[in-house]
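Just below is one structure, and these are the notes that go with it.
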Amino acid sequence: MLVSALLMSVGINSCLCVLLFILYSILRKQPHNYEVFLPRRLVAGTSKRRRNKVARYIPSVRWIWKSWRPSEEELMEKSGLDGVVFMRMITFSLKVFLFAGIIGVFVILPVNVFGDQLTQINYADWSANSLDIFSVVNLNTRSPWLWVHFGAIYLVTAFVCCLLYFEFRYIGMKRIEHFHSSKPQPNQFTILVRNVPSSDGATVSDTVDRFFRENHSSTYLSHVVIHRTSKLRSVVDNAKKLYKKVHHKKQADPQRVKKTPMRFFSRKDTPEGHYEKVLEELEHNIRLGQAEVSSPGKEVRAAFVSFKSRYGAAMALHMPQSLNPTYWLTEPAPEPHDVHWPFFSASFMQKWLSKIVIAFACLILTTLFLVPVVLVQGLTNLSALEYFFPFLTLILSMKIVSQIITGYLPSLILQTSLKIVPPIMEFLSSFQGHICHSDIQKSACNKVIWFTIWNVFFATVFSGSAFYKLSVILDPKEILFKLAVAVPAQASFFIAYVVTTGWTDTLTELFRVVPFMVSYVKRSLEPTEEEFEVPPMRYHRDTPRVLFFGLLGITYFFLAPLILPFIFLYFVLAYIIYRNQFINVYEPKYETGGMFWPMIHYTMVFSLVLMHGIAIGLFALKKMELATYLLIPLPVFTLLFNEFCRKRFMPIFTAYPAEVLTKRDREDQNDPRMGEFYDNLVSAYQDPALRPLRFSGSRNDSLTSPLLSSTSSEV
């Protein structure tokens, strides 16, 4: 790739960034766009409608200052600890690439440029040169200047490890502070118990109640047995959708029924009357289904068990409950609205088979994704395109066309293909037996991270430079040497990838292209007063993207330091835009208590070890034996550091310490609101499909009476 192609790509994306910033500052002021760009403020009633219509069309940058201004405590109040962890990931990356950028741009880059490996350098016209002159490829074998790269690798590794240590410790302390400052939550007092043993002549509810009254008599409060409601849940969901549809139609035109013409020769009902009859029938069928599902024999051998204190719940959670380790299995309970109910009805065999099927499906998806990767790498090779498509020779000979094809189009195709991966991974993770939506999102996030690293990094590297040697790469003795050859050769592609995919992806996140288009189409077809939900943050979509650019920066900082300014600008944009989104757009739906940070930590450690492996292979190819031997301990020390952090900080993320739990329990003893909290806790984990529903206008009191007797949740 030539410097001119990169300059053109940078110019196009810079202009696009400026235009999108201007367009966003105008569109966010329009009242009909509040639900797209300011949904949180619209729901809270803090969005001000501008009286001056002219001011709506004047671009402004005040929103940037408003996004920058809130403190971390205010951000935690608005977006929870998960939002703070996400922003800490970005600020961590900003610190890393500010430090690495200073070393890379002002020390390593001049050393690379004035090397003499590439003799054909046009100093008169820099734009006609290859980007390889800015990379380590331009240094000769046994060049003493390679010791500069050696020192930079050690220096940046030490800096990143120090930051990782302090960040892990900081997030752990924030997790404890968040626990102390938050209101009492049902999941803090509740555990999930699986594999309840069968007992002759006793229901699952009776068995659970008797067991915990005998073994946890001082702390046991109540329990809710889980029922098989997967089929009933779909009926309830359809009924709720129909009810909302009818309700919104009535609100949109309350006089519609009165305007209906009289029918002298027909007794056909109005549409509203028809829907009401359908709802009455659905309501009756749902109640019959609820009665059938809640009958004995339809229970799952599992229950949510609640306790009077957090310490009592923790003791039951971490202590073996039976001599038989396969019975009375305990695990932490999620928040009630976070529970993923469908997989409670699945048997052990179904869960086991689903994990195998999902693993196989991920493997197939990874293999199929090689097609766009190979296509992208084919576009970067003009000679190959001219060979396979000779009729394009004349078009490809045009300078502007060749620059667009080699510099902009490959990254655009790869970016478009990656858009479908997060929702697919979320869908696959939902069938793996996770009991809560937050676990599904964490599982999907982990899948997307490694999918992106393999398909965008490794597959791109080897398909572009050493695809014909894949059989050799499987040999551990050769893989470091092949990486040392292949990774620097793809530096130009990844620089263009950061500029095109990184910048535009972040700006389209600000612009919210898909919700904006959907909102526009809805307004064009039929304006409605439908209520809307504030969207949640999709961590499994955005976290892997940010981490991947961090991996690119760490990997290439000594190979091609020209990438560092573009990555730093990406994180600056991400910092401003995501703070704006957390404040104005996204509302926390589930709270994991900062559980995404260990995933972030391990990915950064992997990036360091990958960089060390490439450096060892590179110094071996450059015949720098002493430097190669001195680098070998570095990945070992990094892995030992990771193990130290895991032992030191992960227990805080696994469970809260006893002193923290008991302190909070003592504080609650003087809280007069705890009585009401315990009353609500008894039914907090009742399946939504079994809750009493009322869609029709009937006055029958039985419609609102509880469907489950006290045997399902006893005090």
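All residue numbers here begin at 1 and follow the chain in the order shown.
Note: Cβ is positioned from N, Cα and C throughout, glycine not excepted.
Where the annotation comes from TrEMBL, it is an automatic prediction and has not been curated.
Per TrEMBL, the features are:
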type     : residues : note
COMPBIAS : 702-715  : compositional bias 'Low complexity'
DOMAIN   : 5-167    : domain 'CSC1/OSCA1-like N-terminal transmembrane'
DOMAIN   : 188-342  : domain 'CSC1/OSCA1-like cytosolic'
DOMAIN   : 355-619  : domain 'CSC1/OSCA1-like 7TM region'
REGION   : 696-715  : region 'Disordered'
TRANSMEM : 6-27     : transmembrane segment
TRANSMEM : 96-115   : transmembrane segment
TRANSMEM : 145-166  : transmembrane segment
TRANSMEM : 356-375  : transmembrane segment
TRANSMEM : 448-468  : transmembrane segment
TRANSMEM : 546-578  : transmembrane segment
TRANSMEM : 599-620  : transmembrane segment
TRANSMEM : 626-645  : transmembrane segment
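Only sequence-distant pairs (6 or more apart) were considered; of these, fewer than three Cβ pairs between the transmembrane segment (145-166) and the transmembrane segment (356-375) are under 8 A, so the stretches are not in contact. With a threshold of 8 Å between CB atoms, the same-chain residues lying at least 6 positions outside the transmembrane segment (626-645) that come near it are 146-147, 150, 153-154, 157, 161, 164-165, 168, 601-602, 605, 608-609, 612-613, 615-616, 619-620.
Taking Cβ pairs closer than 8 Å, the transmembrane segment (546-578) reaches residues 10, 17, 64, 67-68, 86-87, 89-91, 93-94, 96-98, 100-101, 103-105, 108-109, 112, 131, 134-136, 149, 152-153, 156, 160, 449, 452-453, 456-457, 487-488, 491-492, 494-495, 497-499, 502-503, 506-507, 509-510, 600, 603-604, 606-608, 610-611, 614-615, 618 in its own chain, all 6 or more past its ends.
This prediction places the mean pLDDT of the domain 'CSC1/OSCA1-like cytosolic' (188-342) at 79.
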